[in-house]
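The next block holds one structure in the form of structure tokens; read it before the comments.
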Amino acid sequence: MAFPEAYAEVSEAVPKWLNKGDNAWQMTASTLVALQSMPGLVILYASIVKKKWAVNSAFMALYAFAAVLICWVLVAYRLAFGDKLLPFWGKGAPALGQKYLIGRARVPASRHEKEGGGFETVEPWYPMATLVYFQFTFAAITLILLAGSVLGRMNIKAWMAFVPLWLIFSYTVGAFSLWGGGFLYQWGVIDYSGGYVIHLASGTAGLTAAYWVGPRPKSDRERFPPNNVLLMLAGGGLLWMGWSGFNGGAPYAANVAASIAILNTNICAATSLLVWTSLDVVFFGKPSVIGAVQGMMTGLACITPGAGLVQSWAAIIMGILSGSIPWVSMMILHKKCALLQKVDDTLGVFHTHAVAGLLGGLLTGLLAEPVLCELILPKKTRGAFYGGDGGVQFLKQIVAASFVIGWNIMSTTVILVAIRFFIPLRMPEEHLAIGDDAVHGEEAYALWGDGEKYDPTKHGWHSSSYAEDITPSPYVNGARGVTINL
């Protein structure tokens, strides 16, 4: 039971600067984003992979969520949002002290000159503890998305070492540079809620990690059926609905920008899903549930860098492009690119996150609406579509993307090369052949089969009337470029 001081109009527990509505919404948004990872992506990963990898895939996500939280409060939060150490990195320190956490939230390196003179700093109307947890949920989901590229063969011990190192030496650099007051933030680059910091970074780093870890066994690459499509939809649904907190929490307040962001997020995701599904029907003759989830994902990733800054008609345009360009890169270009053919990106994270996130960042540089930008951005900004200096903004978006791509390739490579001196990056062949039982001593289901369709000639039931179109989905048997892509 709370004491009266806890809910008094003004007290030590309710300081004058506290906006209860903003604080309540930010904690709600944090919970929505956390649910995207736990249980959203845990469920999605467990169900979209081959049955023998269900436990391992879920555990990689579960471990990352827990490990990132502890590293975040020990040092990483202030590397990303603390005082400036370098133009791309903050001063690392714990975010655990009572004095620090109950004070008003503040991003010190974000101090910038106002248009009318003077200076201002990002200072939301709630405690630092709220901001620390909100930003943790973004860091955690980035590592979990990255994991999708190396499912089904990465040594779990190597993954346990990789997570804290990549968080500290890769994620915090992008977060500080674009959000925490670093050089790209001060230059005026737009990344509303993580198109570059999260999606471009996770997709680029995931492809790089997949290269260094090596491919899955040939049998898994050729056939990697999801073990539970309906459960995959449940995980995908949590991911979609949680995105309202993902983009709606980005303004750090329950304001007009948050409302626009949530509406645009859902418009773009729906449009992208419909376009992707339509392309599947046109080119492959039938709609795919896995394809629909991929289209949903690319729409969500694409709108993220500009969710609260573009008009809703622009969100439809972004949805059309995010449902088609990543589809082309995955289904057509993947087959023709020797590098993409060589690198085994298990769930196609490069296509659904790096390509879609880059596309969204560039489109934001074209479509950012000046009035909406004034609602949240520290400097007067507009996309190239609206004339003025909008063309310069588009160039800034290109430069920022190049930095994020380059840093993630370099940092991911250095981290993995260092780890492999002590721990093999890839599971031993006997573990790869068996799966979860060899790696964890556990299996997801006590059932026969490994995602195969029921076949009466194999499984003991015969009938001359048995007739069905059982043409397998190309997402399952590898006929469409990548074996399984999300």
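Glycine is treated like the rest: Cβ placed from N, Cα and C.
Pulled from TrEMBL:
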{"type": "TRANSMEM", "residues": "24-46", "note": "transmembrane segment"}
{"type": "DOMAIN", "residues": "24-445", "note": "domain 'Ammonium transporter AmtB-like'"}
{"type": "TRANSMEM", "residues": "58-80", "note": "transmembrane segment"}
{"type": "TRANSMEM", "residues": "132-151", "note": "transmembrane segment"}
{"type": "TRANSMEM", "residues": "163-184", "note": "transmembrane segment"}
{"type": "TRANSMEM", "residues": "196-214", "note": "transmembrane segment"}
{"type": "TRANSMEM", "residues": "226-246", "note": "transmembrane segment"}
{"type": "TRANSMEM", "residues": "252-276", "note": "transmembrane segment"}
{"type": "TRANSMEM", "residues": "288-307", "note": "transmembrane segment"}
{"type": "TRANSMEM", "residues": "313-333", "note": "transmembrane segment"}
{"type": "TRANSMEM", "residues": "354-377", "note": "transmembrane segment"}
{"type": "TRANSMEM", "residues": "397-423", "note": "transmembrane segment"}
### Message
Restricting to CB pairs under 8 Å, which listed stretch, 58-80, 196-214, 252-276, 288-307, 313-333, is in contact most with the transmembrane segment (354-377)?
### Response
288-307
### the transmembrane segment (288-307) touching the transmembrane segment (313-333) per 3+ Cβ pairs under 8 Å rule
yes
### Query
For the transmembrane segment (196-214), which stretch among 24-46, 132-151, 252-276, 397-423 has the most Cβ pairs under 8 A?
397-423
## Note on the structure
When counting C-beta pairs under 8 angstroms to the transmembrane segment (252-276), the leading stretch of 24-46, 132-151, 288-307, 397-423 is 288-307
### Task
Determine which recorded stretch among 24-46, 288-307, 397-423 has the most C-beta pairs below 8 angstroms with the transmembrane segment (132-151).
24-46
### Task
Restricting attention to the domain 'Ammonium transporter AmtB-like' (24-445), give the mean pLDDT.
93
### Query
What residues in the same chain, six or more past the boundaries of the transmembrane segment (288-307), come closer than 8 Å to it by Cβ-Cβ distance?
48, 190-196, 198-199, 226, 229, 232-233, 236, 239-240, 243, 246-247, 250, 260-262, 264-265, 268-277, 280, 314-315, 318-319, 321-323, 326-327, 330, 348, 351-353, 355-357, 359-361, 363-364, 367-368, 473-476, 484-486
## Note on the structure
Per the Cβ filter (under 8 Å) with a sequence gap of at least 6 from its ends, the transmembrane segment (397-423) is approached by 155, 157-158, 161-162, 165-166, 169-170, 173-174, 177-178, 184, 189-191, 196-197, 200-201, 204-205, 208-209, 212-213, 358, 361-362, 364-365
